[in-house]
Amino acid sequence: MGDDTWVQLFPHHFKKAYPYPSFNVKDLHTVDNGCIEHLLPSLYEEDWDVLIAHFLGVDHAGHILGVDSLPMIEKLEQYNGILEKVIDVLGSQSGQGGLHENTFLLVMGDHGQTINGDHGGGSAEEVETSIFAMGFKKSPTSIPSEFDTSSCEINLDQKNTCISTIQQLDFAVTVSALLGVPFPFGSIGRVSPELYALGAGTWNLESTNGDNSQNHSKEEEWMQNYCNVLCINSWQVKRYIDVYSASSVIGFSLKDLSYISDIYAQAEEIGSCSFKNSLLYNESSNSLLPALRRQIDTYFNFLLSVAELARSKWTEFNLQMMAVGLGILFFSLLIHFLAIKRITNPYGISLFPSGDSEVSIRLIIAYSVVVIRACSFLSNSYILGEGKVAIFLLATTAIFKLRYSVKRKMMLIEAIIFLLLIIILRFTIEVGLSKQAMTSQFMSAHSSWMLEIALGHPIWIHIAEIIPILALMLLAYLLYMTMISSSSWGICKYAVLGTSLCYILIAVHWASESTIWSSVPMLQGIGKNSIPRIVPRIIYVMGLGQLLLLVFGQLFNKERALNSKKSLVIKTVAMLSAYSSTVIILSGKQGPLIALASITGGYCIMRLDNIEQDPKDNTAGALTFDPLSVTQWSLLATCLFFSTGHWCAFDGVRYGAAFIGFDEFVLVRQAFLLTIETFGFSHILPVFGLPFLAARQYLMGQTEQDGKLLFLQLSQIYLMYGFITATTVTATIICVTVHRRHLMVWGLFAPKFVFDVAGSVLTDILICLAWLYYLGREDGTKLSTQ
């Protein structure tokens, strides 16, 4: 009963099943109420051997609302009440001959949670969870020290509390031993002595005035049974290791197999499973406890050694295929570099002029920044602080630009604003990467990087709800001013108008979820029932419609050649506005503020582009490509990824964004929305915004040849951006290759690898789409004929 994943994995294994849909993370009660409805009545029935009740409310509450939210507290209190009822029912029928005389209760979590409810990483709070076991026979009051894994400490009530631990690896074989079913063939776990004793109900060793010899006999009897179980357990593990090594391409080395065989042989020399021990038990009047303890120790040693060896050796790497992949990436980097270097403008002048010391300095700084960032991935500490590294490098380039701004006595305001923006982003990255700061109390639906101050005070609550709406209004105003600045918008005008309407709908959507809305009961009901579902879907449809409008407008436009700065700016603004509404609503109430930060940063980079050039040398300014500006653009995109509260780990993904506007789980739809939310500000918008750098360098009143120059500059900018991305991915893969046996390979390096590869593939696709959208086929034809 409960999570329907059980039935999907084991469709024919249950005599009775009451599955409920588990992927609607907004639904905190359907699965739990189903469990409650069927759990207690089933405890009075005799037609089951194993009963599984899989509750999901705590998991969903953590994902959507956070661990410290009120619904989470309510769920935990509800579970406490259910657990008390279950124990009462089982206890009332656990007497001799009772229905639950031999019933064993296990209450456990399948994973932990971070403070913001995620559990995809490798931190202790995610991979450790609680297990509560209760046997209804008489419980033991003392445990032999050799089997006691508990650690004791004084709790807040000044009581001595002892807690034992069990590896998840050991759970399957332990439950199999308790149920009397064969051990799983692929398991290398060890039967837990504490759970086995508690479940078997035979470990009742009391220090009372009773017969000590009787207690001694009970201990001997239990250790005999447990030794037999460990013997079968060890035999199964040894059998699996032998089969695995014989069939696997890599397997264990001969040295490792010899070591395992020697340890197993030592255990077998002391005594085999039940046959020898039973003979000794019947023939000898002396105590068998020392011999049993010695044999149990040898089985422990064998099982622990196999588990430790498996953890260190069972990650198989195909070094040849890894070398092929690295070779392809290095070849890609070479092609990128040669393509950037060989592109020339229509006047025959290289876009990397030789002999220009200023250009050489820009090239050196740009490539140095890229190389430094790539080398930082060789350290796990720098991967954890990747956002800080990126913002530091961005600040370094900004100071370099500020130097020339002061020297040239121009663009000083832009340089200072850019540095101030970097300071703000540095603060947001610090807060965004802190899991403790990413609570969802501050924003009702999503975690945010905004500072958490006096959350209960109405002033701060109202400010947190009003500021995003004011930011939306400012974005709409900027779009309007851009649109009225020219009369040549054509079909792009309708895309911009659609975005303005989407901004209004986003404001309505957020207002429906705000506490201010509660003062109007009728509107509150409308908002809670309709707006959260309908409005996001309208925005998604309108965003898709805007994109189709721009694409068809480009396809059926007779004059598709890129021949003016004005047309490039119009196309870029229209495309960015079409994407922005969906990205903003998925990003939550921090979305408009991040959008303003990206606009401000992009504007400053564009204005400071080529500031090192002599302002009197207009020709050089028109013909020279500035790689440092593209590097800054890439670093800004990276900083926006971390500023939005993401990081390169699976618990850094905000899964709740995939359900904005939807309650049901559809894999493709939710994956698409989650991709847009994760990579919207850091990949999608930056790639489509790159043409601003080319438009900045393009002079007004150009001829057809100048249009070709603009095409070449834009091509080179995209090649440079792709080169930076490919360099980052190559460095990440080298890092993973070098650290493939590192302790943090799965907890840190592998997630970083996955995110960088996914980002690289997405960037390449977006560059191709942007190329087709902005350039058109006529430009490519003219280039090839020339």
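Positions of Cβ are set from backbone N, Cα and C atoms, glycine also.
From a predicted model like this one, the values you see are computed outputs, not experimental measurements.
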Pick from 169-189, 568-588: which range does TrEMBL record as transmembrane segment?
568-588
Annotated transmembrane segment segment (source TrEMBL; candidates 379-402, 715-738):
715-738
Are the transmembrane segment (715-738) and the transmembrane segment (411-429) close, by which I mean at least 3 Cβ pairs under 8 Å that are 6+ residues apart in sequence?
no
Do at least three C-beta pairs under 8 angstroms join the transmembrane segment (750-774) to the transmembrane segment (319-340), pairs 6 or more apart in sequence?
no
What stretch in 411-429, 491-512, 633-650 has the biggest tally of Cβ pairs under 8 Å against the transmembrane segment (568-588)?
491-512
